[in-house]
Amino acid sequence: MEKLKKALESYGITGVKELFYNPSYDLLFKHETDPKLEGYEKGIVTNLGAVNVDTGIFTGRSPKDKYIVKESSSEANVWWAEQNKKSSDNKPLSAENWDRLRNLSAEQLSNKDLYVVDCYCGANPDTRLKVRFVLEVAWQAHFVKNMFIRPTEEELKTFEADFVFLNASKTTNPNWKEMGMNSEVYVVFNLGTKMAVMGGTWYGGENKKGIFSVMNYFLPLKGIAAMHCSANVGKAGDVAIFFGLSGTGKTTLSADPHRMLIGDDEHGWDDNGVFNFEGGCYAKCIDLDPKKEPDIYAAIRRNALLENLDVDAQGNIDFSSKKKTENTRVSYPIYHIENIVKPVSKAGHAKKVIFLTADSFGVLPPVSRLTPDQTQYHFLSGFTAKLAGTELGVTEPQPTFSSCFGQAFLLLHPTVYARELIKKMKLNGSQAYLVNTGWIGGKYGVGKRIDLPSTRAIINAILDGSIEDAEFVTLPIFNLQVPKTVKGVDSKMLNPRQAWANAAEYDETARNLAAKFIKNFDNFTDNDAGKKLIAAGPQL
């Protein structure tokens, strides 16, 4: 403990009262449900055995409050935010302001009872990041214990942190205006000193996605693909990865009774294959149905941690309630899911790469096979379509383009991630497919949502290779190759133009969407590699 206290002092944290190092689940349960706790610190035990907590004002990440310290070792590599241009979230912070926020965070954590959680990010010993979290809230220590890879007792004896994360969620920055920042909330990364500090937000996902961003910085510089995707493996060792933005089906579609889960959200791909960054899952809970998602429901038990669920006085959970937020979540250690790759969450090279999109314009086909250039184009575009404020009667879909299906977490330029992915795919003869889990036969409000059994049948045909037996036709405007038949899927659905009652209306909607793709892709045409890919996108 003396060694640990010295380490804390080196971070500026002094006068620590009681120190809980890598606390057990039982101890965390006892602490987070202590009746003396008040406010957002207090956890409530639910009838399923899992504890539910309230994350306060923030029920999601706060990208506007994310900063990267401008320092010599990383300045030339970082994809910096540019004013008046839809680009990255990586706003620069001066070294001087970093010192002030680090001191503010350390001051908040001084003279307190503290939790220190040492863990790994990355399943491969040679490339994993050894992360140390310092926290004062029991349930936040529980969250990081769930989400990261838990070292053995033996490994902890010699653990030396590569990266330190000071979670000072109870403090805020009173000087944010003079520092030219967005608000009193801050989430800041210093890639030179390998430290992050956070204050003003209690949202658990900031810890998870913060370290994901750090991995996204260091791994591609070592020639390793870093990916916002889920991954699973079949009985024959065949690996598939699923990219997609929130709500497109990553978690649902990678949970397959016939395949083992590698992980549900963050992976790397190196010379040996695909590996998970995490030791847990962070699943959405809104409208969770034990019949449709039995694995996730069964994982909600003691040691799982629920966030922002609606729980009554008897501990009963209303999964359909959006009382606090629609972004209700549960974190749990990955071994709460039975059908996983053990003992280490990794497998071989991915032969099938699936891009998931939920197109509420009803333009994209349920499945198309991509050429290598189209793979890069659609990876850089990262398209899905959200439904805008339906409660106000506004039912027009809103296109969302998020580079590499995870723009918020990219610290390097998107083309770096595309290059690494394509390199790995070429080396391993991998094939990419674009799968639309959104609308068909018309846009939202006219057409219908592609049903889950049809999407599962499409995924199965991709995974078992039978999709390649079909005859393919080229869809105009988007120039996508579409199969005429897929086992278990109504053939009328497969060509979106034919699925619309009025082909001219389809063409008009497709042209409108194509124009949005083209405009968005202007972000990547400032170099020759990007210019070369224009032909792989839609053409007007």
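In case you wondered, yes, glycine gets a Cβ from its N, Cα and C as well.
With TYR203, LYS209, ARG329 listed by TrEMBL as binding substrate, the candidate from ARG61, ARG497, ARG511 annotated for that site turns out to be ARG61. For the Mn(2+) site, TrEMBL gives LYS209, HIS228; the one candidate out of ASP256, ASP264, ASP265, ASP270 that the record lists there too is ASP265. The binding-site residues recorded for this entry are THR248, ASP265, ILE450, and the Cα of ASP265 lies nearest to that of LYS209 (substrate binding site). Less than 8 angstroms from the CB of ILE450 (ATP binding site) sit PRO366, ASN436, THR437, GLY438, TRP439, ILE440, MET493, each of them six or more residues away in the same chain. On its own chain, ASP265 (Mn(2+) binding site) has HIS228, CYS229, SER230, LYS250, THR251, GLU278, CYS281, TYR282 as residues at least 6 apart in sequence with a Cβ closer than 8 Å to its own Cβ. Apart from ARG61, TYR203, LYS209, ARG329, the substrate site neighbourhood in this chain, defined by C-beta within 8 angstroms of the site C-beta centre, holds PHE58, GLY60, GLY204, GLY205, GLU206, LYS208, TYR282, ASN327. Nearest in space to ARG61 (substrate binding site), taking C-alpha to C-alpha distance over the binding-site residues GLY244, SER246, THR252, is SER246. When secondary structure is read from DSSP and collapsed to three states, LYS209 (substrate binding site) falls in the helix class. Same-chain neighbours of the Mn(2+) site beyond LYS209, HIS228, ASP265, judged by a C-beta within 8 angstroms of the site's C-beta center, are, in sequence order, LYS208, PHE212, GLU266, GLY406, PHE409.
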